[in-house]
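Chemist: Got a structure here, written out as structure tokens. Questions coming.
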Amino acid sequence: MSDEKKNNSTLTVEDIFKDNKEELSFTVVSGISGMNNSIKSKEVVNAGLAFAGYTEHIQKNSIIVAGDVELNFLNNLNSSKRKLFISSIFDKGCAALVIVTEKKIPKIIKIFSNKKNIPVIKGNGSIYSTTNKLSLYLSSKLAESVTKHGTLVDIYGVGVLLTGKSGIGKSECALDLVDRGHRLVADDAVKIYKRGEHILMGTGIAPDSSIQYHMEVRGVGILDIAKIFGIRGVRLHKRIEIEINLIEWKPDTDIERVGLKEETSNILGVEIPLVKIPLLPGKNISVIAEVVALNHLLKISGYDTSKVFNATLIKLMQEKAKKLARLDEDEE
Amino acid sequence: MIEKELIVKNKLGLHARPAALLVKSMGKFESKIEILRDDLLVDGKSIMGIMMLAAEQGAKLTFRIDGPDENEAMNAVIELFEKGFYEE
């Protein structure tokens, strides 16, 4: 689609170090020349058997974590084996090796780290929490994301993505929604990323919160929504649960009339319900957006109005048909 | 103005799907379309109105169409009824 742009974020060892050095008390021990190594794998690999010469699980461009167990094991090896195993780890081309320990890092590791330009970062604390934190960090930083032309509003707790041609009234609709007590997440461009496999999250694209939540309304100019409506009118990010596509009304547009047929929109491989709303002069889109959100809540709570209504109607008609048939047979 | 009585042929009657087909088809015509059943009268372009008739299989509906394209509209209605709204 033309209104989408895929983001290919790159992450270097330097980024990981800077963003986590305080929390995980990181220090760079060796291999400084490799701080620009890029990380391409979301997985944080536990070194484990790699220190015993088995390196199948060591992926290229990934972060390897080791701790006291690995260092103690290394200490019990003779120097030739130690050299062999350490060199085979660094030969695998990992991005960086994080060692969580209170001890000093063995010289042999520093030598190979410098030779292969792979940084060794020392951390304090527990290896478990370090691995966990790095995992979370990598999965959020390397998450697939896409920027979509649209406006994201939290309506009664449902993240509604308004899409449609430029000038069709997405921003005006969002403005009306915020005025009615709902919250704006992003206007004009929404950065969408995946959390886990099935959850889409949306946020603004502004590099800083000071310029986030601004909106252009044609004829008025730039508005600061957070200043006008206060903190209750905005929120930082929101799960996207439904897309409302605003379209121009034409006599021949095919519009869903009962809601039995459900369309979906595919964003980053995740399907979310898609509702197409044709625009006519004088139509109040905000109210429609609100009921779309409420009806969605009703549906996920297990009540699908269109289906229930139709089932009831069919049952009613069949009972009536039966009664009539009986009356026909009853002629005496 | 033209008028014609039609019988619902499909098994499930005029439920949501056939009603949607009918209003979508009727929406294309300029003429005023009214549907009568006994003492009920509804707008042929309103889906809720049509469904409230609860017209089961065998129900008799009278279509009253008035306007510049009344003949085309009536032909479209007749076709939908004859085909049983493309249902059993």
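Note that the numbers count up from 1, one per residue, in the order the chain is shown.
Using N, Cα and C of the backbone, Cβ positions are placed for all residues, glycine too.
Here the structure is a predicted model, which means the values were calculated and not measured.
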Chemist: Would you mind telling me which of A:14-19, A:122-127, A:176-181, A:278-283 TrEMBL tags as region 'Important for the catalytic mechanism of dephosphorylation'?
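Modeler: Going through A:14-19, A:122-127, A:176-181, A:278-283 one by one, TrEMBL gives region 'Important for the catalytic mechanism of dephosphorylation' for A:278-283.
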Chemist: Select one residue from A:D188, A:E216: among these recorded positions, choose the one with the most other Cβ atoms within 10 Å of its Cβ.
Modeler: A:D188
Chemist: Only counting partners 6 or more residues apart, tell me which same-chain residues put their Cβ under 8 Å from the Cβ of A:S166 (ATP binding site).
Modeler: A:H149
Chemist: Of A:H149, A:G164, A:K165, A:D188, A:R257, listed here as recorded positions, which sit with their C-beta under 8 angstroms from a C-beta of chain B?
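Modeler: The recorded positions close to chain B are A:R257.
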Chemist: What residues in the same chain, six or more past the boundaries of the region 'Important for the catalytic mechanism of dephosphorylation' (A:278-283), come closer than 8 Å to it by Cβ-Cβ distance?
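Modeler: Cβ under 8 Å, 6 or more out: 168-169, 246-250, 253, 255.
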